[in-house]
Amino acid sequence: ENTNCCSEWERRVTLIKQGKCPEDGWDESTIELFLHELAIMDSNNFLGNCGVGEREGRVVSGLVARRHYRLIHGIGRSGDISAVQPKAAGSSLLNKLTNSVVLDVIKLAGVRTVTSCFVVPMATGMSLTLCFLTLRHKRPKAKYIIWPRIDQKSCFKSMITAGFEPVVIENVLEGDELRTDLEAVETKIKALGAENILCVHSTTSCFAPRVPDRLEELAVICANYDIPHIVNNAYGVQSSKCMHLIQQGARVGRIDAFVQSLDKNFMVPVGGAIIAGFNESFIQEISKMYPGRASASPSLDVLITLLSLGISGYKKLLKERKEMFSYLSSELKKLADNHNERLLDTPHNPISLAMSLKNLNETNDAAVTQLGSMLFTRQVSGARVVPCGSVQTVNNYTFKGFMSHANDYPCAYLNAASAIGIKKQDVDVFLKRLDKCLKTFRKEKMQI
């Protein structure tokens, strides 16, 4: 027993000294003991503490206190989310450790030369907004953001919320894939003037048939014209290909920051993101732009998760995700062939797949969206059906063919993704239910 206690103590000391994710995951009792040790370092948990301020870590509900392991003070100070709070030494240590462990995992995932990152208690869209607002002070004349189109509302609204005008660059169709129009990007930069452009806002992870932007080429353009480059890497940490693109972009050109979601990459509750980059001083500028203190919940969630997984556990999840992508791809292709459809050829997208719905689209106008409803009522979540020609207005900008990332994509289609945590059972059940739904439509068509 003494040996075990010593071993657990050594593991906790090593974590604090090195700030790296442990190779092997910790058991729950070790993690809980460590969190309780951090909590007793916060003033609200001192015996005989006398608080006379307005923010003293007072919590009425014992249930709420236990839910947060009595780490009540949050992180940062009023002027800097990364600053140490003297009366919350435990929470401050938690914050520093989490950022250090997350940085270690980002390097492991493929961006080896990243120098700094921090967890922010906002999802990806608002975290992108924070990056844009930080750039505003560096480029006071700028009012435009160059944005290769991706039909996802939050990344579009992140630019509007920051007070900038998105300049939408339509994608080019290469085979089935929608890819970055580099010529259009450069032409627009010349037309608007580099000094009037806040940044290029590119994307890695996305729904097929759109594929990750040509990050290396965009990074070179940004370097040549001295324009900042912010990358939306929402669920890209789980993909070695997305992370390689970021690493290469930073090597050959310019990437100022890349933003990723906590929930999508680390399987924790929604509400946090990681802002990372290659220039430590710029990442610190972004952290100082965050007004006020912040909730420690996202930091706590991701630290608990990474300590429980360890490096070996997270690597195993990444490997399983890749294997499931291959399995989903091959099985979805078979199903598509059986229904006289086809799996769209999108080799540059490492996470998402798309299957054509041409025959379904010919049945009637509502058939495609009806398929989406049928799948949802059969408890299939995450699959997206994309009809042809839908129009949507977002913040007074009208997008034709919304959700398809193009004005006139050649066919309607269905999306499915192999994201971290997916199991073979998920794939098999999805394919079985999709097959039954498509057979229902085929039967109805024959009756007509």
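From the backbone N, Cα and C atoms, a Cβ is placed for every residue, glycine too.
Curation plays no part in TrEMBL annotations; they are all automatic predictions.
Here's what TrEMBL has on this protein:
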type: BINDING; residues: ARG55; note: pyridoxal 5'-phosphate binding site
type: BINDING; residues: ARG77, SER78, GLN85, ARG293; note: substrate binding site
type: BINDING; residues: ARG251, ARG378, LYS443; note: tRNA binding site
type: MOD_RES; residues: LYS264; note: N6-(pyridoxal phosphate)lysine
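Features recorded in TrEMBL, as mapped to the structure shown.
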residue : record                              : Cβ contacts under 8 Å, 6 or more apart
ARG55   : pyridoxal 5'-phosphate binding site : HIS73
ARG77   : substrate binding site              : ALA83, VAL84, GLN85, ARG293
SER78   : substrate binding site              : PRO291, GLY292, ARG293
ARG251  : tRNA binding site                   : THR113
LYS264  : N6-(pyridoxal phosphate)lysine      : SER205, ALA234, TYR235, GLN238, ALA419, ILE420
ARG378  : tRNA binding site                   : ARG433, CYS437
LYS443  : tRNA binding site                   : none
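Note on GLN85 (substrate binding site): other Cβ atoms within 10 Å of its Cβ, all shown chains, come to 19.
Within 8 Å of the centroid defined by the CB atoms of ARG77, SER78, GLN85, ARG293, the record's substrate site, lie the Cβ atoms of GLY74, ILE75, GLY76, GLY79, ASP80, ALA83, GLY292, excluding the listed residues themselves.
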